[in-house]
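Engineer: Have a look at this one.
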Amino acid sequence: MAVLRTVDLTKKFGDFAALDGVNIEVGEGEVYGFIGPNGAGKSTTLRVLLGILKATDGRAEIFGKDSWKDAVEIHKRVAYVPGDINLWPNLTGGEVIDLFVKLRGGNNLDRREELIRKFDLDPTKKCRTYSKGNRQKVALIAAFSSDVDLYVLDEPTSGLDPLMERVFQEYVVEAKKQGKSILLSSHILSEVEKLCDKVAIIREGKIIETGTLKELRHLTGTILLVETKEPIVGLGELKGVSGIQQKDGALSFQVDTAEVDHVIRYISRFGVSRIESSPPTLEELFMRHYEGTAGAVESGAGGER
Amino acid sequence: MTRHLFDGTGTLIRFVLRRDRLRLPIWLVSFAAISAIVALAFVGLYQNAEERQAMAETMRNPAMTAMVGPGYGLDNYTVGAMTAHEMLLMTAGVVGLMNILLVIRHTRTDEEDGRIELVRSLPVGRLSNLSSTLLVMAGANIVLALLTAFSLVALGVESVDLQGSLVYGFALGAAGLVFAGVAAVCAQLSPNARNALGLSIAILLLAYMVRAIGDVTNETLSWLSPLGWILRSEAYVNNYWWPILLTFAGALLLMALALYLNSIRDLGSGFLPSRAGKAKAARSLLSPFGLVFRLQRTGFIAWSAGLLLIGASYGSVLGDLESFFEDIDLMQQMIVQSEGFSLTEQFIPVLMAVMAILGTIPVLMAVLKLKTEEKNDRLEHILSRSVSRNHVLGSYLAMAVLTGFVMLSLAALGLGLVGNAMMEEQLPLGMFYGSALAYLPAMFAMIGVAVLLLGWAPNLTGAVWLYLAFSFFVIYLGGLFQFPEWVGKLTPFGYVSEIPIEEMNYLNAAMLTVVAIILTAIGITGFNRRDIGR
């Protein structure tokens with residue numbers, strides 16, 4: 001059963017459609033990556049799922065319940081870390097963590113101390129003195145000290161240093177091992193690649209690609225690095241070949257999955273002396289979706305809504 | 001090394017002026033206008049020397065000395081002397097506040113928000129930000145002095161001459177500059193902007209208190225307060241310049257100290273230690289209401305003290321009221337005469353109305369804090385946990401009701417206790433309390449309006465402040481301008497029973513409460529339906 005699901009979710013701010021028929025589904029024990037550029041609708045989707053914004057159309061459900069009507073019930077089992085974290089300047093980090101944990105209903109003191117130590121946070125300082133990273137730590141500590149079934153994390157590591165990013169990843173892996181689900185919005189693609197089972201790419205309020213990383217890669221094709229005795233001619237005209245680059249006397253290019261056989265046959269005529277193949281990285285996948293439509297991307301990056 | 005400490009000051013001055021191009025003129029023109037209007041009002045209020053002389057007699061009361069400063073020229077209380085004596089201290093206090101707010105805004109707040117760091121990364125001197133701010137404030141206070149002086153002279157009142165007006169204007173300017181200096185020093189000492197602002201305002205209040213005690217008991221004490229200095233200028237009577245020059249010198253010393261402290265301190269640090277807070281939350285914080293109360297605690301305490309003090313200071317004049325009123329036609333106009341009640345008793349509802357409307361300010365602030373929390377994305381933290389919207393809004397409502405109850409209670413207590421101590425004939429304390437609490441349903445109605453706006457038009461919540469200002473205008477000045485009766489009925493405060501001269505009208509009180517509940521309910525429905533966020 002899906003822990004979290006949206007069906008044709010649409011959210012309009014006046015005439016502007018921030019979300020236009022978004023469908024995502026997070027299963028139990030799954031880490032689901034949600035990627036897309038700024039202003040694509042990631043935060044809006046999460047806010048609708050948390051019952052903070054009301055959907056214009058479509059459905060948003062968590063644990064099979066309506067995320068608007070049953071918000072309070074749902075939130076007992078959900079931990080959320082917002083993207084922009086503003087805290088109360090005159091409360092200390094420790095006070096805010098306690099408040100957050102209490103308002104969800106649980107209280108796990110051992111875990112709180114452990115998390116504070118691991119994330120290296122000084123809980124006696126007032127929130128006004130915290131940097132962005134420290135404010136994120138406060139929200140993450142509150143989230144991970146709560147015993148919940150679903151974590152909704154909106155760009156949780158954008159202010160953390162690499163050391164802390166690793167601590168964060170450890171906790172995500174641990175939660176996953178305990179069978180918990182995580183919806184992770186991010187644009188740190190290496191992190192998504194490392195942690196996520198499934199990925200959805202959103203652009204201008206629409207999901208343009210979704211599936212496991214393997215499926216996405218399969219859809220996209222393979223990166224080949226080839227060195228030949230004779231120079232390859234006419235490669236650019238072949239069907240399914242893109243992104244040709246010269247690299248230290250070798251050629252690197254991407255081949256669509258359906259055309260691999262055909263392309264290998266063609267280049268073998270030129271006397272292959274070295275061939276390496278690798279799956280495309282998430283970054284290459286991501287870029288492929290955006291570079292082709294640079295104009296559209298620019299108009300889509302309409303800032304935070 | 002030290003040669004370039006002030007580089008770029010000129011450019012930064014233009015930058016400060018650009019950022020304050022509305023704020024500063026509004027402040028300055030307001031001061032000049034208010035001084036002129038009050039002087040003009042005095043001309044109209046007191047038709048002849050006898051009436052002014054009667055006023056002068058009440059000024060010999062120690063309570064008045066504590067409030068506005070020692071009287072001078074009381075034997076020949078001209079309009080000029082009257083204006084300067086009764087207005088200088090209060091106006092100087094507000095001018096001081098303006099200086100504090102502007103200096104902190106351009107120094108510590110900018111520093112805390114990281115803007116000074118950006119500026120300092122440019123080829124700009126280390127002291128340029130502070131020096132440009134202080135130079136702008138110096139200019140602003142001089143303009144304030146001249147503007148006030150010339151707008152007073154322009155009235156063409158006989159006793160308001162050029163020399164006196166200049167003394168009055170520059171006394172204000174000098175007081176302002178001292179507090180610009182105080183704020184500049186506090187901005188260096190404090191570890192953050194909020195602290196700097198709090199410390200500066202505390203010093204302003206302390207200066208007022210020290211002078212009040214000193215003026216009544218021992219004049220040497222008054223010399224410890226800069227507000228005590230400027231009062232010695234005695235504008236329109238003796239026109240002493242030396243207290244003003246002394247104040248200016250004090251301001252320059254403070255500014256030099258601030259510049260020195262700024263030059264030896266790291267960006268973002270202060271000289272006062274910043275205390276470590278609690279690592280764990282107290283139990284009392286751990287609920288939506290606990291959070292709401294904690295966030296407003298300081299303001300709540302400050303307003304409580306304020307209303308108690310205002311009640312007490314009104315109480316202190318109750319004793320002199322009878323003689324006071326007989327001489328003032330205007331006041332008699334404001335209070336409808338009614339048989340069988342002493343003037344004091346008739347005046348109590350007027351005082352209560354003013355204090356109730358004043359006490360409504362923190363009440364509305366308590367409700368509208370929700371809006372601030374929403375705008376700063378902090379409501380999201382609460383609502384994303386298992387807390388319903390009703391629970392959140394309910395917590396703010398509870399805080400508002402509590403605030404209203406406490407404000408009215410303290411105002412009544414201050415007025416009643418001090419009033420009875422000053423009067424020969426005692427009035428029952430319960431009557432004071434009842435007179436104040438009669439305003440509670442009207443406060444509920446104002447809360448209802450605020451919740452309605454929060455639910456359905458969160459961007460228009462400012463309208464409730466206009467409505468409160470309108471209420472004040474209608475209720476306080478209604479009698480004076482002889483408005484028709486229906487105008488008074490446009491505000492909930494117009495339905496409140498004027499105890500003790502009227503019987504308590506429970507029907508009206510119940511109606512106000514019902515209206516309040518309906519408005520609140522509609523507001524809650526809207527709040528439950530709408531998006532949270534900007």
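Each Cβ is built from the backbone N, Cα and C atoms, and glycine gets one as well.
Straight out of TrEMBL:
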TRANSMEM  B:24-46  transmembrane segment
TRANSMEM  B:87-104  transmembrane segment
TRANSMEM  B:134-155  transmembrane segment
TRANSMEM  B:167-189  transmembrane segment
TRANSMEM  B:196-214  transmembrane segment
TRANSMEM  B:240-261  transmembrane segment
TRANSMEM  B:300-317  transmembrane segment
TRANSMEM  B:347-370  transmembrane segment
TRANSMEM  B:391-418  transmembrane segment
TRANSMEM  B:438-457  transmembrane segment
TRANSMEM  B:464-484  transmembrane segment
TRANSMEM  B:504-527  transmembrane segment
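What does the local environment look like for each feature on the list?
Structural biologist: Distant neighbours of the transmembrane segment (B:24-46): 17, 52, 55, 79-80, 82-83, 87, 91, 94-95, 98, 102, 140, 143-144, 147-148, 151-152, 154-155, 157, 160, 168, 172, 328-330; these residues of the same chain sit at least 6 beyond its ends, with a Cβ under 8 Å from one of its Cβ atoms.
For the transmembrane segment (B:87-104), the list of distant contacts is 20, 23-24, 27, 31, 34-35, 38, 67-69, 133-134, 137, 140-141, 144, 168, 171-173, 175-180, 182-184, 186-187, 193, 196-197, 200-201, 204, 207-208, 211, 227, 230-231, 233, 235: same-chain residues at least six beyond its ends, Cβ to Cβ under 8 Å.
Within the same chain, residues 9, 13, 16-17, 20, 24, 27-29, 31-33, 35-36, 39-40, 43, 83, 95, 99, 102-103, 106, 161-162, 165-166, 168-170, 172-174, 176-177, 180-181, 184, 255, 258-259 sit at least 6 positions outside the transmembrane segment (B:134-155) and bring their C-beta atoms closer than 8 Å to a C-beta of that stretch.
Tertiary neighbourhood of the transmembrane segment (B:196-214): same-chain residues 66-67, 69, 89, 93, 96-97, 100-101, 103-104, 107-108, 179, 182-183, 186-187, 189-190, 220-228, 231, 270, selected by CB-CB distance under 8 Å and a gap of 6+ residues from either end.
Counting same-chain residues at least six beyond the ends of the transmembrane segment (B:240-261), those with a Cβ under 8 angstroms from any Cβ of the stretch are 127, 130-131, 134, 167, 170-171, 174-175, 177-178, 180-182, 184-185, 187-189, 226, 229-234, 271.
Counting same-chain residues at least six beyond the ends of the transmembrane segment (B:300-317), those with a Cβ under 8 angstroms from any Cβ of the stretch are 61, 63-64, 67, 293, 324, 351, 355, 358-359, 361-362, 366, 403, 406-407, 410-422.
Beyond the ends of the transmembrane segment (B:347-370), by six or more residues, the same chain brings 292, 295-296, 299-300, 303, 307, 310-311, 314, 318, 321, 325, 334-335, 379, 392-393, 396-397, 399-400, 403-404, 407-408, 411-412, 415, 427, 432, 435-436, 438-439, 442-443, 446-447, 450-451, 454, 461, 464-465, 468, 471-472, 475-476, 493, 496, 498-502 to within a C-beta distance below 8 angstroms of the stretch.
Residues 287-289, 291-293, 296, 300, 303-304, 307-316, 318, 348, 351-352, 355-356, 359-360, 362-364, 366-367, 369-370, 379, 382-383, 427, 429, 432-433, 435-437, 439-440, 443-444, 447, 450-451, 454, 520, 524, 527 of the same chain sit 6 or more residues outside the transmembrane segment (B:391-418) yet have a Cβ under 8 Å from a Cβ within it.
Long-range contacts of the transmembrane segment (B:438-457) within the same chain, counting only residues at least 6 positions beyond its ends with a Cβ under 8 Å from a Cβ of the stretch, are 352-353, 356, 359-360, 363-364, 367-368, 370-371, 393, 397, 400-401, 404-405, 408, 463-464, 467-468, 471, 492-493, 495-497, 499, 504, 508-510, 512-513, 515-520, 522-528, 530.
Nonlocal intrachain contacts for the transmembrane segment (B:504-527), taken as residues 6+ away from its ends with a CB within less than 8 angstroms of a stretch CB, comprise 389-390, 393, 397, 434, 438, 441-442, 444-445, 447-456, 492, 495-497.
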Engineer: For the transmembrane segment (B:167-189), could you work out the same-chain residues 6 or more beyond its ends whose Cβ comes under 8 Å from its Cβ atoms?
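Structural biologist: For the transmembrane segment (B:167-189), the far contacts come to 31, 35, 83-84, 88, 91-92, 95-100, 102-104, 107-108, 111, 130, 133-134, 137-138, 140-142, 144-150, 152, 196-197, 199-200, 203-204, 226-227, 230, 233, 235-236, 239-241, 243-244, 247-248, 250-255, 257-258, 261-262, 265, 270-272.
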